Amino acid sequence: MEAKSGTLWYVAYGSNMSAAKFTGGRGIAPIDVARVRLPRWVLSMEIPGLPYSEPAFSSISRRGTLRAEAADVPDVIGLAYLITEAQYRHVIASEGGGTAYADIAVIGEGIRPEDQEKLQNGCMLRTLTSAGMTRSPVPTPSLRYMSLLVDGAAEARLPPEYQEYLQRLPVYRPPSTCWTKLGAWVFLAIWGPVMQLLERVTMGSIGDDGYASAFAIWLVRVTMRLIWITHDWLFAPIFGRGDGCTDRSQNVAEPESWLEKRRLLEGV
């Protein structure tokens, strides 16, 4: 289905692949949906969140630009939603109003014949990528956040090999010792309310275009840098890291299956 005047194809590759998140949480009902691959783009968890809780969120990067990009990383696959321009402005607003993401145009390829027919391969699509706030080395996402991607991909019937790739991605392991739990509690007691305040300031400054004010964007980015400086230079050396990088540096083995991973981290 060709995007008519006033509509566009928006590619969701992260939590917005979940219908519960996109339609239920965001309140956006798409006109049509197609599965899409973005050639020469890869999934990246480089958007920093809150250490010890939600360390990372997804973005996409051009292939070859990530320092730790493995040779077997596939092109990103997601859902293309046909939505109105007003709905897309709502997407931008709900994703922070420009504090962490920027709107870009990309070329996508339909996965199956029915998707290709809808998208008319080679047409321009819209999506969001990181802007102004990235983290290297990239943190690991929480089990809660990663579950949205895994469940959304399964619900959308994305290619099995891509679903398996998502399931293999490492997730953040919450503190397991009393000392690290104490540090995490203190950190979140300090910065959790600040994050909530920033969200209110940001949403209160959203304009008709879906973007927050320049001041709100600046304030969020500066505060996020301060949050991570506090983590890197104070809490991490004393209490242990809250971004999942310790597990990777020490080659902590990931559970073989997604079910095992969920059982382990949920304490089932």
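Using N, Cα and C of the backbone, Cβ positions are placed for all residues, glycine too.
TrEMBL lists E95 with the feature active site, proton acceptor. Within the same chain, residues at least 6 positions away in sequence whose Cβ sits under 8 Å from that of E95 (active site, proton acceptor) are Y101, L128.
All protein chains considered, the CB of S15 (substrate binding site) has 23 other CB atoms within 10 Å. Per TrEMBL, the feature substrate binding site maps to Y10, V11, A12, Y13, G14, S15, Y145.
The Cβ of Y10 (substrate binding site) lies under 8 Å from the Cβ of A80, Y81, I83, Y88, V91, L125, R126, T127, each of which sits 6+ residues away along the same chain.
Counting every protein chain shown, the number of other Cβ atoms lying within 10 Å of the Cβ of A12 (substrate binding site) is 23. Cβ crowding, taken as the number of other Cβ atoms within 10 Å, peaks at Y13 among the binding-site residues Y13, Y145.
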